[in-house]
């Protein structure tokens, strides 16, 4: 079927063409012309941009009239028609042959090559060479103002000026006045097999009916003008035998039906139909008046600005059953919404459906980057998931964005028809491109949406997602393809040797903008969301502002407690008469976390703490440590003093500096730091790194690998890998050290002028036998005890440690101390005979 169409939208790969009666079709980029196809194929074969090959948007503009032929028409599952078209002259003009060509004919042609004296035009007629002289084209080129030359693949309305050698050579003109004044006549010998849409003819009215007019033209032809294509100014004044000017709209090759239009915009070839202003698209009209109702098609309305609009039958009510014809008598008023505009009918398309009138989104233009939208899953493909937002709006969720983590089998999580809540990453209305994300962290984010480089103000904190992790850092992407770099020194407060092992593509991250250059589209970011301000205790003045005495790492000193802070002790070094200030972090009071807390509680201002090692000198402020394992390692020279000394396989004693989701950072004396990735943290499977290590914990680490160029160290903290050989001896040594420190803590407590309870805690050591009285038996089988030696303390034995005995309140019994928790004043005991006998 041949149709006259009007270009509605232009993208890189197709033309969207408005067709008569509110229909639309698509012309793929491969259906323009032979010459354009050859250039496309050449560019693909060469793999680089071809000079002289222009994009569709350089050659076609909304409003351009084109002759089309339908190549396929398919109905989708939701009842919509997909009409594929071609404007290739070999298909459109296939009914013409060289002998049928005559001067004055109006044809479609496409520039196929540029010659010395003009242009060769492809008019699709085999054996005919059509030539457009250069001089004849100049007025047209100046008038359209689309460049100094015509482009290969460009569509032209051509008038045949001269026919030579029985149609083998044809001279053309594209002069706008000649084209606009062209008229198809009997002398040109048009037949029903080669009649073309777009031809303007003189016609005679044969019959006027409610739904249209029947015309005769070119002596022997008849055609129909439907109600939408009458001249709105004269629609009620047509009469039989009246002579009118008409334009052929469509020719059906099998039924031989010809449809025409009487609308003025089409009566002068080369003109463009009127277009709707952008602000009217999607507008809701509170009162539109019914002008006419056609029971098989729909209704014509007059809008508030006097323009005519058409509503198809299915858009007049919610369902066919709820439709009431009586509500659409001429003069009745209805609320409607403009949902489209038919260029070929020069008429708005409206809907009276409530859900469409109230819809948040109607067209791609209504959707903005960052909007949260609801949709339905309608297809799962290798590249991602297609989501239907509305009947006319569809979006793609790329595979990377189906969830916060990469889904290997999306079909197990999503099914066709599922309702999903998405966020718009990118929306290109011109290309009808909508990219969505289902990452919950992005969809539910309350932080500002970063959708342009101009919005990226220094200090802005927002969410993005990682698209690349390399040795230089991470590239993070935001909305509308805005992206920036997080350099390696801004990835964390701790060095990250291998960012690609820590961060993965698609990972949602919170970032802060450091710097932006919108002109160059350069964006510098940081994962460190706050400045590295020192803790409060590090800013406080020490006894002497300028410390002249310097202490070396590893030097042992005695100190006096000046002040207790929540994270450590402010102390003064006694060797310098207390004039040199220093700080012992709580975690560095002992190798054992429990002992650290106990010591912090036991020590008071004025207490002297002997044999403490200088760990570091940060800006003139000395950080000290009481960790015996760390002190021994330094004294025995089992340390590395610089990065260059580290070798794979070394066993080094250090302490946890930071616990991250991806691993543990370990610091060693003299400042060298390494990373133990999650997989190398424990012999057990690690789900949460915080379940295995705490900041300040003393550890023995094995060096796995060293990257000297990037100054990176990878460590292993697995117990099975970090033993020097005699694991039993090491374990007993650690246990001995623990009991030694606990004894030291008890001595601190004994020296206090404490109440009896504190002194009692000092006397209760593991293994001591006690005479107790059962106070209570709980539902879980455990028991509580009392006694003179445990006054004020909570003494308990679990069901297991009752040893199968059935105890009752008031009963006297012997018990053995298992553990004393001095912080909570709890004592754990056992009544088991095998322990009491030892």
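From the backbone N, Cα and C atoms, a Cβ is placed for every residue, glycine too.
Heads up, TrEMBL stuff is auto-annotated, nobody curated it.
Per TrEMBL, these features apply:
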- 1-88: domain 'S1 motif' (DOMAIN)
- 104-175: domain 'S1 motif' (DOMAIN)
- 198-263: domain 'S1 motif' (DOMAIN)
- 282-353: domain 'S1 motif' (DOMAIN)
- 370-439: domain 'S1 motif' (DOMAIN)
- 459-528: domain 'S1 motif' (DOMAIN)
- 554-627: domain 'S1 motif' (DOMAIN)
- 649-718: domain 'S1 motif' (DOMAIN)
* Asked: For the domain 'S1 motif' (1-88) and the domain 'S1 motif' (459-528), does the number of C-beta pairs under 8 Å, pairs 6 or more apart in sequence, reach 3 or more?
  -> no
* Asked: Is the count of Cβ pairs under 8 Å between the domain 'S1 motif' (459-528) and the domain 'S1 motif' (104-175), pairs 6 or more apart in sequence, 3 or more?
  -> no
* Within the domain 'S1 motif' (649-718), how many residues are helix, strand or coil going by DSSP? -> 9 helix, 35 strand, 26 coil
* Report the mean pLDDT of the predicted model across the domain 'S1 motif' (459-528), rounded to a whole number. => 90
* Asked: Is the domain 'S1 motif' (370-439) in contact with the domain 'S1 motif' (198-263), using three or more Cβ pairs under 8 angstroms as the rule and ignoring pairs under 6 apart in sequence?
  -> no
* Asked: What does DSSP give as the helix, strand and coil breakdown of the domain 'S1 motif' (370-439)?
  -> 6 helix, 38 strand, 26 coil
* Using DSSP, tally how many residues of the domain 'S1 motif' (554-627) sit in helix, strand and coil. => 16 helix, 38 strand, 20 coil
